[in-house]
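Student: Sharing the features that TrEMBL gives for it:
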type	residues	note
TRANSMEM	6-27	transmembrane segment
TRANSMEM	39-59	transmembrane segment
TRANSMEM	71-92	transmembrane segment
TRANSMEM	99-120	transmembrane segment
TRANSMEM	126-148	transmembrane segment
TRANSMEM	160-181	transmembrane segment
TRANSMEM	187-207	transmembrane segment
REGION	213-243	region 'Disordered'
Amino acid sequence: MDVLHFIFGVFGNAFALFLFLAPTITFRRILKNKSTEQFSGIPYVMTLLNCLLSAWYGLPFVSPNNILVSTINGTGAAIESIYVLAFIIFAPKREKAKILGLFAFVLTVFAAVALVSLFALDHKPRKLFCGLAATIFSIIMYASPLSIMRTVIKTKSVEFMPFFLSLFVFLCGTSWFIYGLLGGDPFVPNGFGCGLGATQLILYFIYRDKGTSKQATPEESLEMGLSKPDKTKSNKESNPNGA
């Protein structure tokens, strides 16, 4: 059981690392153009908060035997911080102000959770408090692609929902779900991420042959699908099918 627990934790680390690194192509484009264009920075800020809280939850004095949770989420927090910094530098003024405000919110929430858990709680109450906080913001993070799923259904095109991203969301969520079940930890199981990934894959196979979307470029095939779709373009592509 301990061996399987460790193995699925390693799988979860590997799949999560892929998800964290997937936007690097998008950010290479942002750095090249010195503009965030129509990409939204909100999901990256919320992912940063989730990583910080999950890394804190996995520390031995909060939740024993969950160090693999801390290693990948600590790495994720560092990666997401770079993404957020890029948005702060290259986003338009209005978007920059929004990201800065959210970033301040993230630091405030994390600091509050950390301080309360250290100085006001002990042992089981600490684990419960930190676990609930991490779970709530994990659900918010995984819910961010819901708008993309709505776009897929509306346009009957999977152009804005890359297949490999959906696949790795499913694999990552499933790995952590099994890891949590094997470890008997109610806060590690990631049923929401597993279900979201499965739903995205189902939508992909339903709409992959529909619509007249253009062939995806290598960059688009790996981007996070978090850009704000060009409605004019989407309408033009969906009209031939009566959408």
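Keep in mind that glycine also has a Cβ here, set from the backbone N, Cα and C atoms.
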Student: Give residue numbers and ranges for long-range contacts of the transmembrane segment (99-120): same chain, 6 or more residues beyond its ends, CB-CB under 8 A.
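Tutor: For the transmembrane segment (99-120), the list is 41-42, 45-46, 48-49, 52-53, 56, 62, 84, 87-88, 91, 126, 129-130, 133, 137.
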Student: Which listed range (39-59, 71-92, 160-181) shows the maximal number of Cβ pairs under 8 Å with respect to the transmembrane segment (6-27)?
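Tutor: By Cβ pairs under 8 Å, 160-181 leads among 39-59, 71-92, 160-181.
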